[in-house]
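Student: In case it's useful when we look at the structure, here is the feature table from TrEMBL:
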- 34-60: transmembrane segment (TRANSMEM)
- 49-299: domain 'G-protein coupled receptors family 1 profile' (DOMAIN)
- 106-128: transmembrane segment (TRANSMEM)
- 149-171: transmembrane segment (TRANSMEM)
- 209-233: transmembrane segment (TRANSMEM)
- 253-275: transmembrane segment (TRANSMEM)
């Protein structure tokens, strides 16, 4: 019994929880500050674009439907995800505040991963909306209701919250007795847990669960919905009708491509080969920031109903100015 107590005491005394981490960022890249200025521009345009899209959906009553609840949720998630990441990145590197308190680092990681994960499953919800609209058009308004979509979105947020909380909790059990330099541009999960001195196999396992549940499973479900859509259209629709139905899916397909392909490529490259830290940072920053910038632009330009609503708001605002 005394031996067990002594062993537990030794473990407790050797457990190291650092006061702060150091975020390394780019190494040996001249004029790196211009890249961060570019990110600042991306953030401003992301706020403007997503804020505008949410305002249009809120102001136009004809857009108060289940479909646009999902679009509003995606815009909100894009806005929150960019806000969780970019301002802190700018503060870290433009003002050279690279030390970050331990607890703040875990929170930083939590919110970046959380909003990225919600984005992923929101795109799955959008795919479900298109699937029902095309495969079961007569029952669409009975199946895809506002309460049903609200429940789906809330379940998504709750499930993702549990997963990311688990990732953060497992990081908190690690002892950091060696280097405290995070080889990334933010408190990234992979570079963080690899700094641990004790067994980090649970962190590695939960990272794999994250890859499956946030990247590969959503992408598989989206692919299956589009297989069903293509099969349904080939059976029941004529040429012009088929083309018209597919046009309603183009904006969603573009959103899926710009979100999943870079994210999947970056993570697969990290798992299968040794990426240079600078390459990984550039890939990761663009993967986390560019989709949130492009989503409102693509959806606004590719959705006829939304374009009409924007024109309607523009005419109303002009009339108010004239009168």
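Backbone N, Cα and C atoms are what each Cβ position is placed from, and that goes for glycine too.
Curation plays no part in TrEMBL annotations; they are all automatic predictions.
Can you tell me where each of these features sits in this structure?
Tutor: Mean model confidence of the domain 'G-protein coupled receptors family 1 profile' (49-299) amounts to 89 (pLDDT, 0 to 100 scale).
Here the transmembrane segment (106-128) has long-range neighbours at 70-71, 73-74, 77-78, 80-81, 84-85, 88, 100, 144, 149, 152-153, 156-157, 159-161, 163-165, 167-168, 171-172, 186-189, 192, 210, 214-215, 218, 221-222, 225-226, 252, 255-256, 259-260, 263, 288, 291-292, meaning same-chain residues at least 6 beyond its ends whose C-beta is under 8 angstroms from one of its own.
Through the fold, the transmembrane segment (209-233) approaches residues 113, 116-117, 120-121, 123-124, 127-128, 130-131, 134-135, 160, 163, 167, 189, 242, 245-246, 249, 253, 256, 260, 263-264, 267 of its own chain, all at least 6 residues removed from its boundaries and within a Cβ separation under 8 Å.
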